[in-house]
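K.L.:
Questions regarding the structure given below will be posed in turn.
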Amino acid sequence: MGRIFTVELEGRSYRCRFCRTHLALPDDLVSRSFHCRRGKAYLFNRSVNISMGPLEERLMLSGMHTVADIFCCCCGQNVGWKYESAHEKAQKYKEGKFVLERGRIVDEIDLSTEVYIDTHGSTSDTEDS
């Protein structure tokens, strides 16, 4: 595998929760009312720094769609899916758009309020007991 070049988005952005790679801009957000197996999901017009899995037919709550899972190009985590085609006329607006699972992305607000707790005990020799 060769060197990975990523796109750095200007301003506030949605990023991969696992490696903080930029994935989408708030200006490309279409809807926050989507759902996935793991909870909430957001629909975007565009997404960057992703790779796509194979196309597959998937039965969603809104009907049958042709979709491909999308993965962060840096860490390889599944972050959502892309709608390639919708079988029902009312769902055609989704074609070519990206769904990012809310639990797998963070935005600038999340980054500024995130708290990290070290759950592993220290193994320092100088630590007092």
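The first residue you see is number 1, and the count goes up from there.
Each Cβ is built from the backbone N, Cα and C atoms, and glycine gets one as well.
Just lifted these from Swiss-Prot, have a look:
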- C16, C19, C72, C75: Zn(2+) binding site (BINDING)
- 12-109: domain 'Yippee' (DOMAIN)
K.L.:
C16, C19, C75: which of these binding-site residues has the highest Cβ count within 10 Å of its own Cβ?
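P.N.:
It comes out as C16.
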K.L.:
Tally every other Cβ atom lying within 10 Å of the Cβ atom of C72 (Zn(2+) binding site).
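P.N.:
Cβ-Cβ neighbours of C72 (Zn(2+) binding site) within 10 Å number 24.
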K.L.:
Quick check: with C16, C19, C72, C75 left out, which same-chain residues have Cβ atoms within 8 Å of the centroid of the Zn(2+) site Cβ atoms?
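P.N.:
Near the Zn(2+) site, the remaining chain residues are R17, F18, R20, T21, C73, C74, G76, Q77, V79.
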